[in-house]
Amino acid sequence: MDMKTLLGSRKISRQGLARRMLGIGTAVLLGSLAAGCDSGDKKGLTVGFSQIGSESGWRAAETKLARQGAEQRGITLKFSDAQQRQENQIKAVRSFIAQGVDAILLAPVVSSGWDEVLGEAKAANIPVILLDRQIDTPNVDLYLTAVTSDTIEEGRVAGRWLAGKVQGRDCRIVEIQGTVGASLVANRKKGFEEAIATAPNLHLVRTQSGEFTRAKGKEVMEGFLKAEAPGSICAVYSHNDDMMIGAIQAIKEAGLKPGTDILTVSIDGVPDIFKAMADGDANATVELAPDMAPRAYDILLAYRKDHAPPPKWVQTPSKLYEPDTAAAEYARRKDLY
Amino acid sequence: MSAVTQRLKAARPQLALLAVALLVNVFVAPGFLDLRLQDGRLFGGLIDILNRGAPVMLLAVGMAPVIATRGIDLSVGVIMAISGAVAAAGVNAGLAWPVAILAALATGLVCGLWNGLLVAVFRLQPIVATLILMVAGRGIAQLITEGRILTFTEPHLIAVAGSTLAALPLPVVLALAAAGLTGLLVRATALGLFVEAVGTNPRSSRLAGVHTGLVLGAVYVWSGLMAALAGLIATADIKGADANNAGLWLELDAILAVVIGGTSLYGGRFSIGRSVLGALVLQAMRTAILRAGLPPELNLVLMALVVAAVLTQQSPAFRPVATRLMARLKNKEAQA
């Protein structure tokens, strides 16, 4: 009986010892890794970036510019692709905290559920900058600032351009929305409607969802062309360029000339819409600037220098491009996306 | 009674549904049924439905035999994306267009073979076996397109969706030809019977001498091929391979089309023609919703309501109720 107990406890303690040794080993390994990082880059900053994924060309461009911008500024970038999952992003942020980075960039895949992990970052004194999307939290002190575009303003810019383009002429507009339910869609719609509300000659006659894809954009535009009297559509507004590229094909297949017979204005500024503009098939696009990370780096560097907190929301410009610069802009962008 | 009239009689519910869906279209857009011939191609609402419905028609043609074996193929939407990516990457890499198209179709065959292997040889449940490709496949397509929408200008590849044959858009011809060929394969030979036997009772059909493994494998390979053809059409239609969105959720449309076509998910009897009608019913309803000018927030709700109504009407539990209602109506008419 005694012997058995003894053996049993020895077994347990052996397991415990093994576990402890493993733990020590890991700690030493991690410690040396961390030390390696520190000694390797004493002067430059280390920034962790938790990206949503690579679901679109725009997202890929944002990542590419994040890497380029970090290199130009001597920043060591630790990049993590969350593959559209919040739990991966939370893990990434925790691992950035454990690695003792100087700042964290976060492009949040969803808007809620960040309070706990951002609280941990705050406790570790690591500033967090949100990229491209905002989050819902009662405590805005959890992050330093959010660098995003003003999606309502994007719609306004598109609407104002159209109002200026048609002057006083009567114009029946059709709208191709993004996926129903996204806040981005509601905002791009709202901004556009605000801008055209001031011009009584502009009428939004039809709106339908093209789910942000080329194929659906084409199908929806085909429907518009069939449902409206021939030649009565004066302009099409699309919530993104991809749907517009589909719509342009539908207009062409209906025997009309996009850009001339039907004016086009869309949002995002992806390379293919610049190509369409250079070819005379499209009229305007409002750029959603993909250089959000480099802007965040500059805010961060300024903040570390003079310790003045930046505004809670830094808006990226919503610049409108027209065919005159399209060829050059296409050449500038085609390798980025 | 001749075989044709018998088939038409069996397809009465689907034909009635299609008629209703088309009537809704006429109500939404007067002049919907008008057909006109211009530059050797027919134009009109009916042609639009056939043309837009071609990819799901093809998927349904491949899906019907799979479901008849008590299986399911969740990977067809993804196979569309992969085959489109292969074709686009092929012509952009300088391959001749017939080679690129053959490569895309071969990709579909290989994907189907993979599914068939998992189901027929490794005995995985079909829903799990095809889920593997459904989950991983978009990644494969994205690797091929490097995450971008791969656009191309090869005129022959674009012609897969953009040209005309016998006054009809080529996708329509391809879909109808594929349906005809498949129908012939399963009904002019004993193949259809084997498929239904495997679906009804795999054990007794094996004992009766049917090579169940071969039959199971073949239906998935065929489904893969049909999906690859649908992928070619979808890619040619937008002159670009969109790995993220091509064929997205279309496997569900295809399953729904087959179910509307009267094939049970428990396997057994199936019909290619009625599955194609099912796909057309779905597309006709979608076209009506898109053209009705209703707020887009209602799209999915309306679709769900219609599908629910269609499927309850087909359910065996509903039939006695319907018959009684009809009888009562007739009685009242007689009294009046």
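Cβ atoms here come from the backbone N, Cα and C positions, even for glycine.
Curation does not apply to TrEMBL; its annotations are automatic.
Here is what TrEMBL records for this protein:
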type	residues	note
TRANSMEM	B:15-37	transmembrane segment
TRANSMEM	B:49-68	transmembrane segment
TRANSMEM	B:74-92	transmembrane segment
TRANSMEM	B:99-121	transmembrane segment
TRANSMEM	B:127-145	transmembrane segment
TRANSMEM	B:157-178	transmembrane segment
TRANSMEM	B:213-234	transmembrane segment
TRANSMEM	B:246-268	transmembrane segment
TRANSMEM	B:300-322	transmembrane segment
Winner by Cβ pairs under 8 Å against the transmembrane segment (B:157-178), considering only B:15-37, B:49-68, B:99-121, B:213-234, B:300-322: B:49-68
Recorded stretch that, among B:15-37, B:74-92, B:127-145, B:213-234, has the most CB pairs under 8 Å to the transmembrane segment (B:49-68): B:213-234
Range from B:15-37, B:213-234, B:246-268, B:300-322 with the greatest count of C-beta pairs under 8 A to the transmembrane segment (B:99-121): B:213-234
Proximity verdict for the transmembrane segment (B:74-92) and the transmembrane segment (B:15-37), three or more C-beta pairs under 8 Å: no
